[in-house]
Amino acid sequence: MPQIKIYQEDHIPSPMSRIWSAFTDNPFAFAGLWAVCCLLLLALFGPLIAPYSAEHQDPLALLLAPSWEPTGTVEHFLGTDDLGRDIFSRLLHGAHLTFGMALAIVITALLLGFIIGSISGMMKGLKSSILSHLLDALLSIPSLLMAILVVAVTGPGLGNVFWAVGIALTPQFVRAIHQAVHEELQKEYVTAAKLDGANSLQIFWYVILPNIMDTMIIQTTLGISAAILDIAALGFLNLGAQAPSPEWGAMVSQGLDNLLTAPWTVTIPGVAILCSVLAINLVGDGLRSALSPIRS
Amino acid sequence: MARYLIRRLNLFLATSLVLFLVMFIATGKFPVEHTFALTGLQSPTSQELAQIEQDYQLDSSQAHQFFAYLQQRLSGNLGISATSQNPVIDELTAVLPASFELGIVAGLIALVLGLPLGVLASLSKHKITQHTIMAITLTGYSIPVFWLGLSLSLWFGVQLGWLPISGQINLLYDIRPVTGFLLIDTLLSDSQYATSAFIDALLHIILPAVTLAVLPFTVVVRITRAAMISIMEQTYIKAAEARGLHTSVIVLRHALPNAFIPVLKNLGLMLGAFASYAMVVEVIFSWPGVGAWLVSGIYQRDYTVIQGGILAVALIIIFLSILIEVIHTAMNPLSRKELYAAN
């Protein structure tokens, strides 16, 4: 039944609902959002639903193929590795190491980047230039080199990955937020607010902040996917998570010895990383195109 | 323009100084004897110890120590490697060309394939073609590089047996290094096996270069597509169409040079990620480049190698990104206008 229109005025959607409807118009982005929500749930509750513990070794089921292979059994849904550990359970246990760690790193980097970037963006001249360029030197050290440096100072381990990837990510946030604030400051509506007598704190909080939100959101999604790939790469190189840990990149490197006889020990964690990064990038892409009519 | 160049040079020097400062602080924090971290001498004699103290001014203030450190490093004294006992600078110059070779080949593959594909994606009106290209690039952007390298070597190297999966060349060929770039050296070499050595080197570079090219390729396709779509809407393209020019002429002469500008800018921004990926690729394919050298250096806790490698790679990245920025400004009249307005 068609809705009866009583009032003459059209319903004017708020900016948020316009972004939401533009976002949901893209089915891929929406699928990505569902996948990210599932990942979040897995990162939180994964260990609870895992059939085995991450270190449980089943000596009767070494290098068992995944269940869809003729030799596989359904007890070990994604097969087992060379110590008889259930890969499915390890993936679930690893979700909060890889994905949760990436989230923690990005949130920390976002907070730091927000503080430094907005202060340096609001300031003018030499001070602003020093603050923003100071971190450009760090920006030029690739994340992997930064990780090598951190590992050289403190030794390998998952905790040091936090610092390594965090130090490598923070300058990107600082730069993005600095540039966004700087660009908004040049615009006329900021001048109008200034003429109205707003002090710089008010200008930043009420005038500029709502307009740099989209940059921050996009940068955050980019940061999460970069952080997952970095954590996994470090785990793979044995510089991050160490051997028995079910971190996904470390799982790939642990499966490396059996690459020829049991390729699934490498393929399945790799597919897990690929899918989670892909889901985040889909959401990021969808957000970017949903926000772009407002941005341009 | 001169003023702009001086400002960029200034930025390069300042950034490098900060980099050296970071390295100086990190060197002090390495969990070994300070003299060992600085020089790589495991158990120096008292004479060497005195020399080290004098070179690095270990008994003066931190600021003096930093300038002594800067002086030593800039004069090419990177210490000796603790594992091989060779000077780090020699090892570094031996491994750098291989990395450059891999990077250049991968970059060329990405540009040569990515630019046309990006243009095609922007011109095609088919939803399916567009979606396919975007899906492929998004997947390529999300794929973990170590896993891609392993899968490619498993498939093309082991199961199909088409391509070699480790090293730079078959060790049977004895090629005298001239430029360090093996593809050029094999051509320059006067041995009777020069051609087959060249083909062998070419076969060896395919898998690592393709693995490394995936990331820049996807970025180039996406940026080219986005830039082309917005450029094809411009009025000067409509004017060219109205003059009756052929589509290929419009694209090649009028649109592509303008679409290349944002691609160049993003290539500069991507350098850090590209270097990280290159290191992982070098480790997987045992490519004798600076990345594999650095990673083996960290496994052996070879602190002078770590320092030298990080300094060299980071300096190269700083230099290249500033160079790309300068080229970008020189190519793009619009950003030049901004430049003069700012001054």
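Note: Cβ is positioned from N, Cα and C throughout, glycine not excepted.
Annotated features, as they stand in TrEMBL:
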DOMAIN    A:99-284  domain 'ABC transmembrane type-1'
TRANSMEM  A:28-50  transmembrane segment
TRANSMEM  A:99-122  transmembrane segment
TRANSMEM  A:134-155  transmembrane segment
TRANSMEM  A:222-241  transmembrane segment
TRANSMEM  A:261-283  transmembrane segment
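If you look at the transmembrane segment (A:99-122), the same-chain residues 6 or more away from its ends with a CB under 8 A from one of its CBs are 39-40, 42-44, 128, 131-132, 135, 158, 161-162, 165-166, 169-182, 185, 200, 204, 216, 219-220, 223-224, 227-228, 231, 276.
Two recorded stretches are said to be in contact when at least 3 C-beta pairs lie under 8 angstroms, sequence spacing 6 or more; the transmembrane segment (A:28-50) and the transmembrane segment (A:222-241) fall short of this definition. When Cβ-Cβ distances below 8 Å are used as the criterion, the transmembrane segment (A:261-283) is approached by residues 28-29, 31-33, 35-36, 39, 63, 65-66, 78-79, 81-82, 87, 91, 94, 98-99, 221, 224-225, 228-229, 232, 248-249, 251-252, 254-255 of the same chain, each at least six residues removed from its ends.
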